[in-house]
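The compositional bias 'Acidic residues' annotation in Swiss-Prot covers 264-277, 284-294. Annotation comment: Swiss-Prot describes Ser106, Ser148, Ser157, Ser158, Ser168, Ser171 as phosphoserine. If you look up Swiss-Prot, you'll see 12-28 marked as region 'Binding to monomeric RNA-free nucleoprotein', on the strength of a curator's inference. Among the features that Swiss-Prot reports, region 'Disordered' is placed at 97-136, 260-294. Look at Swiss-Prot and you will find 123-128 tagged as region 'Binding to host phosphatase PP1', backed by similarity to another entry. Here Swiss-Prot flags 135-157 as region 'Binding to protein M2-1', drawing on similarity to another entry. According to Swiss-Prot, the feature region 'Oligomerization and binding to RNA-directed RNA polymerase L' maps to 169-194, an assignment based on experimental evidence. Marked as region 'Binding to RNA-directed RNA polymerase L' by Swiss-Prot: 251-279. As annotated by Swiss-Prot, region 'Binding to the N-RNA complex' applies to 281-294.
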Amino acid sequence: MSFPEGKDILFMGNEAAKLAEAFQKSLRKPSHKRSQSIIGEKVNTVSETLELPTISRPTKPTILSEPKLAWTDKGGAIKTEAKQTIKVMDPIEEEEFTEKRVLPSSDGKTPAEKKLKPSTNTKKKVSFTPNEPGKYTKLEKDALDLLSDNEEEDAESSILTFEERDTSSLSIEARLESIEEKLSMILGLLRTLNIATAGPTAARDGIRDAMIGIREELIADIIKEAKGKAAEMMEEEMNQRTKIGNGSVKLTEKAKELNKIVEDESTSGESEEEEELKDTQENNQEDDIYQLIM
């Protein structure tokens with residue numbers, strides 16, 4: 001069974017729209033009279049009962065010819081109509097005129113092509129007025145809307161067209177998806193290996209060797225890809241390090257002196273606090289012993 005092509009469907013839609021418009025126009029005419037009943041029987045109309053009057057054919061109008069003059073002036077006939085004067089151009093002017101008309105200008109178009117400007121308003125395939133109430137149903141409107149698209153917009157508005165998504169992105173999600181796909185392939189191979197072990201010995205060994213080889217190749221590809229990405233990241237890190245430096249901060253001489261002073265004060269403060277803590281601990285121990293003795 002062969003289905004109609006797109007152009008055939010458009011042609012049929014155009015023809016149906018034209019027939020519908022013609023039928024609507026015929027219904028609007030006041031002179032439209034029914035010559036048949038709903039069942040299909042013939043109905044006698046007034047125009048059929050009355051005899052049409054005979055109309056005589058129109059006669060050709062007689063043209064009166066002007067009387068010829070009996071005498072002539074200087075041996076020649078008098079001319080009633082003046083001849084149109086024809087301008088005779090020189091051959092040089094003719095060449096210049098043709099060059100101007102044929103040779104293209106700076107934009108690459110001849111004057112004749114400039115006169116013929118292409119019409120920017122592209123006509124729709126089917127024209128209809130949706131504002132008229134009761135003329136079209138919703139289904140007819142949808143069909144006419146689909147058929148009335150411009151030819152240039154058919155590719156964008158067609159329901160059958162679709163855009164293939166570009167999967168060549170270098171994002172982390174795309175890499176993870178590719179790794180997941182390869183791992184799912186490996187799992188599928190392992191399952192087929194388990195199923196193949198139930199067969200004959202020779203076939204089982206051959207299938208097992210082939211599947212193991214494919215599995216090793218896939219694992220090697222994954223490791224190679226991971227190493228390549230790691231090498232790229234390390235190289236990028238080295239490039240950044242050469243630009244920024246090793247990140248160490250060096251103190252000036254004054255900063256070193258201030259640092260020593262701060263360190264000395266912090267150590268001396270810590271030693272005093274430690275001595276105070278020791279004294280308080282000893283006092284607490286003596287109090288505890290005194291309480292036990294009492």
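Each Cβ is built from the backbone N, Cα and C atoms, and glycine gets one as well.
Neighbours of Ser171 (phosphoserine), defined as other CB atoms within 10 A of its CB across all chains, total 8.
Helix, strand and coil counts under DSSP for the region 'Binding to monomeric RNA-free nucleoprotein' (12-28) come to 17 helix, 0 strand, 0 coil.
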